[in-house]
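Participant: For reference, the structure I am asking about is given below.
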Amino acid sequence: MSASWKQLLFQILLLVSCRRINTKTPGPTAPPLVPITSLPTDERSASLEGESHTEKVELLNPVNLSLACTWTGNQNKLPNITGFWRKDGDEVENSQVTVQLEGDQYKLKRVFSIVSEESLGSYSCVFGSEEAKIEFVLAAPQVGELRDKPIVSYVGDSGVIACKMEETKPKPITWNWYKANGTDKEQIFAVAEPLRYEIKNEERKTKLVVHNLTEADGGLYYCGAVYAISTTMSHVELRVISFQEPLKPFIAIVIEVIVLVAAILLYERCQAKKNYTAGNGTIDQTNTMTQGENIEPEESSSVRQRKI
Amino acid sequence: MSPAPGSDLGYKPLDGGWGWMVVVGAHISIGFAYSTPKVLSIFFKEIQENLGASHSEIALISSIMLAVMYAGGPVSSVLVRRFGSRPMVILGGLLCAVSMVAASFGNSIVYLYLCIGIIGGCGLSLNLNASLTIISKYFLIKRPLANGLAMAGSPVFLCIMAPVNQYLLQKFGWRGSLFIFGAVMLNCCVAGALMRPLVPPRRPSTCAAQKNVEGEPNECNTKQKRSGMVNAKTFLDFTFFKDRGFVIYLIGNIMFIFGAYAPILFLSAYAISQGVEEYSAAYLLSIMGFVDMFVRPGTGLIASSKWIRPRIQYFFGFAMIFNGTCHLLCPLIKCYAFLVTYAVFFGVGFGMVFALMFECLMDLMGNQRFPSAVGLVTIIECFPMLLGPPAAGLLVDFDDYKYLFFMCGSVIVAGGVFIFVMNIYNYHMLEKEKPAKVREQNQMSVENQDQASASA
């Protein structure tokens, strides 16, 4: 076990003193993996002065994670208090211990083996009977820049869906794509259907191209960022519509334009006829200028001046 | 104070009546012309994702469209002079509609450059030129007001089309949106229908008949000579450069355009760098556009007044100096409230300059020369417009945003001062030359009366 004690020496101790109930950004990630036969260990701790606090922990690889809670207590500082751990709302078996008041603080600590996706989740240390609670949310890095609006594409067109992991977060091992099928997710294998699907993976970005779209291709698509510990998902909706949809407003607007232009030109013709039948030159010939007119600037023109 | 070249129309313009409907048409047409390159940028992110293009490749679409719109000036002025405004605006509307509809079927960036950039740009250039020309034909006394109202189309359409385009994008994706936007641009044809032509097409038969009767150069030919019409075949009439007023206007305008657009492009980025949140920073541009909407007709109204109208070139110079000063003061502003104030004053300055821009050119050149002049001005303005924002961008990369504002502000102020001072000189020289010109005109009128009495 000397190797793991060496590990402990190199660990980062994270002490977050918090006076509000707001969450803080997660601390630095665990130190790089040193290849050893057993799982590496890591430690996270938080201290609480109020009633509850939530701490986000980002994990990439399986670890033995030691979570430590420190509570300053409330008004009546009992010498002994019970404390237990909870995972995702269910009490962890045999986790109930009696905590002594040491130096005006209660300390609770436990080591958890985080090996797979099931081990991730919300771990809470609870003091007394719900008097104080610190929650550690264990998760793999989430895909950022979620697109909440659906991507609209057309039948026969190629739809492109992209996912991106932020620069500040660690890059995933690879990316997977899934299509929602009812409540399940079916993985998309581009190799199996190269004419239909194309997956372009870069380190932090991934693109799924669906060729020759049909209405059935619409729905939710999930991109999964694969890490050693689990795969984080994010979803985008693809809507496939036919060409008739934009055609309706298009035709409506074209009809409106034709009607307006016809109306304006008809009105003009009516006006011109009215002017003509009322006699040449006696009424304002605003639109015409007879050829033989003198156009010297000094002379007032023979075009009848219109009253403004 | 200023000479009245506008009276060479040869008839008393309407200054009202159907003219106001023409202003509505010009408003729509100019609105589309100026706002389309900007509102199309709403579609760019989706097009970029779908076609797999880079940021700069996509941004080039707008730049090509603007460049073609401005560079097409000379060609469109020739066409407008030959065929009149109405057919050109209708043709422009059809071209734009076709370009957008064709673009919606595109699969490569180069195809979009061709459709939206080149064909769309040509359509817009026809719209712009024809609308300005017909205003000059319908208005004289109230022309600044008409110009202000027509130019107000740009911010109005920007405010309307931006949310409409967002909605279309969400509902129909970029292809459907371009398709429907093409139909929307067909409304330029409605604008064209409103632009009732004033002069019917020339009737060569009457002139020929008269020639036969008299057997000597008659009124038709002298009319042509006197109106000094430039041969329709010349696209670029370089004789304009002999006109002092024109050169002054051009230089001032180039300096203004160079510095005008960069602050708009970088305003939100600057605000964000000063700690303002993204949504509020975008709001600054909306404030500027909103203020612009009301300032343009307001400026037109002021410029129409008896006191300002004769001194309109000075007013133009003042507007530029005001705009430039705003930019120079901007880097001193750190907090959001003052940034809002800056946006308001920026909108005021920007609106004032744009409302007066073409009015001043009309004032200088007169109605006969205006179409060719505006074509020449727009093609020359192409260069500062394309060079200005990248040059400003270089300054931003080099150091803080403040150098950008200093550069733009100082260039615009210099342009305004140049116009102001040089116009004083110009009017002074024109006063000196006036007696000679009056003598020449009297001589020509005597000649004409002799001919008229001879033919009677």
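From the backbone N, Cα and C atoms, a Cβ is placed for every residue, glycine too.
Features from TrEMBL:
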- B:21-427: domain 'Major facilitator superfamily (MFS) profile' (DOMAIN)
- B:58-80: transmembrane segment (TRANSMEM)
- B:87-105: transmembrane segment (TRANSMEM)
- B:111-132: transmembrane segment (TRANSMEM)
- B:144-164: transmembrane segment (TRANSMEM)
- B:176-195: transmembrane segment (TRANSMEM)
- B:246-270: transmembrane segment (TRANSMEM)
- B:282-302: transmembrane segment (TRANSMEM)
- B:314-333: transmembrane segment (TRANSMEM)
- B:339-358: transmembrane segment (TRANSMEM)
- B:370-391: transmembrane segment (TRANSMEM)
- B:403-425: transmembrane segment (TRANSMEM)
Participant: In this predicted model, what is the average pLDDT of the domain 'Major facilitator superfamily (MFS) profile' (B:21-427)?
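Facilitator: Residues in the domain 'Major facilitator superfamily (MFS) profile' (B:21-427) carry a mean pLDDT of 86 in this prediction.
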Participant: So what's near the transmembrane segment (B:403-425) in sequence-distant terms, Cβ-Cβ under 8 Å and 6+ beyond its ends?
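Facilitator: Same-chain residues near the transmembrane segment (B:403-425) but 6 or more away: 245, 248-249, 251-256, 258-260, 262-263, 266, 270, 313-314, 316-331, 388, 391-392, 395-396.
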Participant: What residues elsewhere in the chain lie close to the transmembrane segment (B:176-195), defined as a C-beta under 8 angstroms and at least 6 residues from its ends?
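Facilitator: Long-range Cβ neighbours of the transmembrane segment (B:176-195): 21-22, 24-29, 32, 36, 43, 85-90, 92-94, 96-101, 103-104, 123, 127, 130-131, 134, 161, 164-165, 168-169.
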Participant: Which residues, given as numbers and ranges, are at least 6 beyond the ends of the transmembrane segment (B:282-302) yet have a Cβ under 8 Å from it?
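Facilitator: Residues 144-149, 151-152, 154-156, 158-159, 264, 267-268, 271, 308, 315, 319, 339-340, 343-344, 346-348, 350-352, 354-356, 359.
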Participant: In the same chain, who gets a Cβ under 8 Å from the transmembrane segment (B:87-105) while lying at least 6 residues past its ends?
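Facilitator: Same-chain contacts beyond the ends: 25, 29, 32, 36, 76, 79-80, 111-112, 115-116, 119-120, 122-127, 129-131, 174-179, 181-183, 185-189, 191-193, 195.
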